[in-house]
Amino acid sequence: MSNFYNQTRAASSLMRRLKRSLINPTAVTRPRCFTTAEGHRPTLVHKRSLDILHDPWFNKGTAFSMTERDRLDLRGLLPPNVMSSEQQIERFMVDLKRLEVQARDGPSDPNALAKWRILNRLHDRNETMYYKVLIANIEEYAPIVYTPTVGLVCQNYSGLFRRPRGMYFSAEDRGEMMSMVYNWPADQVDMIVVTDGSRILGLGDLGVQGIGIAIGKLDLYVAAAGINPQRVRYSFSYLVSFASENDYDRVLPVMIDVGTNNEKLLKTPCKKGDHTILSTDLGLQQHRLDGDEYIAVIDEFMEAVFTRWPNVIVQFEDFQSKWAFKLLQRYRNTHRMFNDDVQGTAGVAIAGLLGAVRAQGRPMIDFPKQKIVVAGAGSAGIGVVNAARKTMARMLGNTELAFDSAKSQFWVVDANGLITDERENIDPDALPFARNTNEAGRQGLREGSSLVEVVRQVRPDVLLGLSGVGGLFSKEVLEALKGSTSAKPAIFAMSNPTKNAECTPEEAFSIVGDNIIFASGSPFRDVDLGNGQIGHSNQGNNMYLFPGIGLGTLLSGSRIISDGMLQAAAERLAAYMTEDEVLKGMIFPPISKIRDITKEVAAAVVEEAVEEDLAEGYRDIDARELQKICQNEEEVLEYVENSMWSPEYPILVYKRD
């Protein structure tokens, strides 16, 4: 654990442990052993022969042993050579490299989308192998199943659609959702990612096609957090599990289709023979609902899913700013939910901002002194600013005065320039960060001052981009940042997908200089600065946090997801990097370590849920037992690690239904 994490949490941690040791003096040192309920055991299935081979959950392909082939009537239906899962993956990887070009639908179909097609086909026929491939090659394939390729997938999803995955609730289903939710065959769902398709990444309104983002996020919940995607029922002896044709995923992607305001999706013609189909879009052919009608649809959805699955966790994803904050405030104190764009992006940005202070060689307590110019006042931008303000206030004593003074460290610029109290019809969420007109005037700024003017006059320590506008950090803006009062200014070009990044690392290092800290939302290659020096392109990816937040909430049984749990997650991520790494400009870890990162983040979330008395326990671990586990950091990590699912072929035993 790094010095930063020790500094920020040591005092409260010490008090917690002293308090608990008085209750149970032997608890801290008592040896414990955890076993996961997802352990290796035979699975009883009520299908065999070709039905097994056509079921992506139970299909092992050539990995079925000869005894299983006999038990399940598979002999003669497969080639005789029995392969290990490792041999299967090796064969798949060879084929993938060969088929990347062949899978392209013409020159306009890039290799990344071809990879997605191939992986999706594997997912359709063999889920276990799909997740094994994804976990083993997470650094290469996370950008395929998630950002940036998922943006391209969503733009083309109506044409890519082959097999339904997830559920669709539409405006036409009003009054029916409570019964509809039972059409999903799983009696237990742990995780839902829901979107209305109104603001997919930085691509705008993609309507029903936005379900691609929910599918991609849940793939990462499985791969990074070990959320078990498979529904199984365990026998009382815990020696076998039961599965049937009614078993279905415990992770559920959801699209709430209330129409679209994207005229291209409403009017795009499609030729089929001599006939013209008016639109290729799979969603409702109507403009978006608004106002109370929209709220009524979301309310009905939330009531339905929490009635059937009271302990489910719902992640809101890519809702337009107009609704993101309103829906978050509407449900967050009564439901297990969070908004990844508002809270997840904010947490990753906070971890990066704290890492930037460390990379500048300054003590962490200097974070409240950082001058931060923020480009973007949407849900992500304001979410980050709010979280950063709370972090600064906490470091300053967490008083009302500290909270009030912290807002003076931010200059927020939107499409109309610097936001001041002179702005007409200002968004209520941005209002707390509107600069005082007189104060701005003393700095040579005014209402609507351009980004380059603000950077030039403020001379910030950090330039933070969450605008969704590719190339916004122009040469002129980056030249202005050379006047920063920091010897090592930080540039965060966080907008996704890649084409929407405010600038590239090559632009940042070549214009501002070698001595900067760079981070982006989408992956970029490191920059060769010459003389053996590397300019690190840190990826501030939400996947560092949301899988751990979801897993930690699940394992703690917390009633809600509190600000403290989110703050603990961000701090643990910030602490993950060593001092040597951050001084070299590395403020985020490599994606290849995502399972270990998620374990750490989830452990921090569990600990904070217990500290705030929100935890109610999970499965056979009740709240009191969880308190005992949290007295020892190693035990918490062991509890989390043993609860993370890993894809392994189960032993299948046929049982007549």
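Using N, Cα and C of the backbone, Cβ positions are placed for all residues, glycine too.
What TrEMBL annotates here:
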type	residues	note
DOMAIN	123-332	domain 'Malic enzyme N-terminal'
ACT_SITE	Tyr146	active site, proton donor
BINDING	Arg199, Asn496, Asn541	(S)-malate binding site
ACT_SITE	Lys217	active site, proton acceptor
BINDING	Glu317, Asp318, Asp341	divalent metal cation binding site
DOMAIN	342-610	domain 'Malic enzyme NAD-binding'
Of Tyr146, Lys217, Glu317, Asp318, i.e. the recorded positions, those within 10 Å of Arg199 ((S)-malate binding site) when Cα atoms are compared: Glu317, Asp318
Alpha-carbon distance [Tyr146 (active site, proton donor); Asn496 ((S)-malate binding site)] in Å: 11
Chain-mates of Glu317, Asp318, Asp341 with C-beta within 8 Å of site centroid, divalent metal cation: Thr195, Arg199, Ile200, Ile213, Phe316, Phe319, Ala324, Asn339, Asp340
Spatial separation of Asp341 (divalent metal cation binding site) from Asn541 ((S)-malate binding site) - C-alpha basis, Å: 11
Spatial neighbours of Asp318 (divalent metal cation binding site) that are distant in sequence (at least 6 apart) but have CB under 8 A: Thr195, Asp196, Gly197, Ser198, Arg199, Ile200, Leu201, Gly210, Ile213, Asp341
Glu317 (divalent metal cation binding site) to the residue listed as 'active site, proton acceptor' - Cα separation in whole Å: 9
Alpha-carbon spacing, Lys217 (active site, proton acceptor) to Tyr146 (active site, proton donor), which is rounded to whole Å: 7
Arg199 ((S)-malate binding site), number of other Cβ atoms within 10 Å: 25
Cβ neighbour count within 10 Å of Asp341 (divalent metal cation binding site): 26
